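Data block below; observations after.
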């Protein structure tokens with residue numbers, strides 16, 4: 001090996017990121033590090049398309065399936081875990097692969113040192129979002145943090161709630177916290193950046209094929225296991241695409257066919273949102289692959 005290299009591979013769900021990462025890892029004798037917020041959770045092996053046992057036996061994979069789904073795992077915790085890996089593997093080539101744009105941005109730009117938000121505050125605002133809707137909370141956000149409100153959509157419920165819960169818990173605006181960032185773990189010019197975006201029709205075909213395969217491999221058993229944990233539906237792991245839809249099927253609220261079609265629809269929409277985010281947030285240093 002000529003020297004340590006760091007490769008970042010981002011892209012929407014079902015774009016072929018993991019296969020590309022595996023190929024490059026074998027060529028570079030590199031480690032693979034998860035950069036996807038859902039693949040960190042235990043239990044959700046099939047539904048989040050985590051690497052197979054064959055993959056992990058071929059190349060060492062880190063930060064996959066090690067977080068209890070009852071926990072609210074944050075980007076700050078992920079950065080802390082990445083930092084430990086960087087200190088452990090000081091000369092090994094690394095590949096960061098996943099579909100969570102916020103993780104990549106935090107890796108390259110650092111994050112704000114926002115204190116942990118108490119669960120009671122977090123749940124209060126999520127319940128208000130469900131009850132009052134994003135637009136009503138958006139108007140409230142304008143009153144407490146106009147700088148941030150100007151930057152986000154009135155329909156972006158998650159970001160609106162995040163800003164309100166931070167203000168509620170800390171008495172400081174999220175826009176204030178965002179000015180105080182940690183030092184990036186990886187310098188922007190010290191990595192190869194690959195953005196994988198297949199043609200839309202091909203991507204949708206892959207999504208449908210993979211979801212059908214997930215059912216054959218036992219995705220419903222994972223949903224049953226999650227249901228037995230009786231976790232709050234507000235937890236991130238319980239919001240993984242496939243969990244709410246198939247729980248509704250198991251509860252007799254819709255047919256299996258309706259649930260599966262809904263999962264396919266939600267996955268397509270998620271992929272579309274990912275693509276939009278990557279194109280709007282990533283700069284020209286990212287090499288676009290199709």
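The backbone N, Cα and C atoms fix where each Cβ goes, and this holds for glycine too.
Taken from Swiss-Prot, the feature ATP binding site applies to 11, 12, 13, 14, 15, 16, 17, 18, supported by sequence analysis. Here the Cβ of residue 11 (ATP binding site) has 25 other Cβ atoms within 10 Å, regardless of which shown protein chain they belong to.
In the shown protein chains, 23 other C-beta atoms lie within 10 A of the C-beta of residue 18 (ATP binding site). Taken from Swiss-Prot, the feature substrate binding site covers 13, 14, 15, 16, 17, 18, and the record attributes it to sequence analysis.
Feature annotation from Swiss-Prot assigns region 'Interaction with substrate tRNA' to 36-39 (among others); the stated evidence is sequence analysis. When Cβ-Cβ distances below 8 Å are used as the criterion, the region 'Interaction with substrate tRNA' (36-39) is approached by residues 48-50, 64-65, 73, 75, 78, 97-100, 102-103, 236-237, 240 of the same chain, each at least six residues removed from its ends.
Per Swiss-Prot, site 'Interaction with substrate tRNA' is recorded for 100 (among others). DSSP classifies residue 100 (site 'Interaction with substrate tRNA') as coil under the three-state reduction. Listed in sequence order, the residues of the same chain lying 6 or more apart from residue 100 (site 'Interaction with substrate tRNA') and placing their CB within less than 8 Å of its CB are 35, 36, 37, 38.
The feature site 'Interaction with substrate tRNA' is assigned by Swiss-Prot to 122 (among others), with sequence analysis given as support. According to its DSSP assignment, residue 122 (site 'Interaction with substrate tRNA') is helical.
Sequence annotations record features per position, and here Swiss-Prot assigns region 'Interaction with substrate tRNA' to 158-162 (among others) based on sequence analysis. Sorting the region 'Interaction with substrate tRNA' (158-162) by DSSP state (H, G, I as helix; E, B as strand; all else coil) yields 5 helix, 0 strand, 0 coil.
Neighbouring residues of the recorded ATP site, listed in sequence order and excluding 11, 12, 13, 14, 15, 16, 17, 18, comprise 99, 196, 198, 203, 206 (Cβ within 8 Å of the Cβ centroid). Between the alpha carbons (Cα) of residue 14 (ATP binding site) and residue 122 (site 'Interaction with substrate tRNA') lies a span of roughly 31 Å.
With a threshold of 8 Å between CB atoms, the same-chain residues lying at least 6 positions outside the region 'Interaction with substrate tRNA' (158-162) that come near it are 125-126, 128-129, 134, 137-138, 141, 152, 174. Other residues of the same chain near the substrate site, with their Cβ within 8 Å of the Cβ centroid of 13, 14, 15, 16, 17, 18, are 11, 12, 19, 49, 99, 196, 206. Residue 122 (site 'Interaction with substrate tRNA') is 33 Å away from residue 18 (ATP binding site) when you measure Cα to Cα. Summarising the environment of residue 15 (ATP binding site), the number of other Cβ atoms within 10 Å of its Cβ, over all protein chains shown, is 25.
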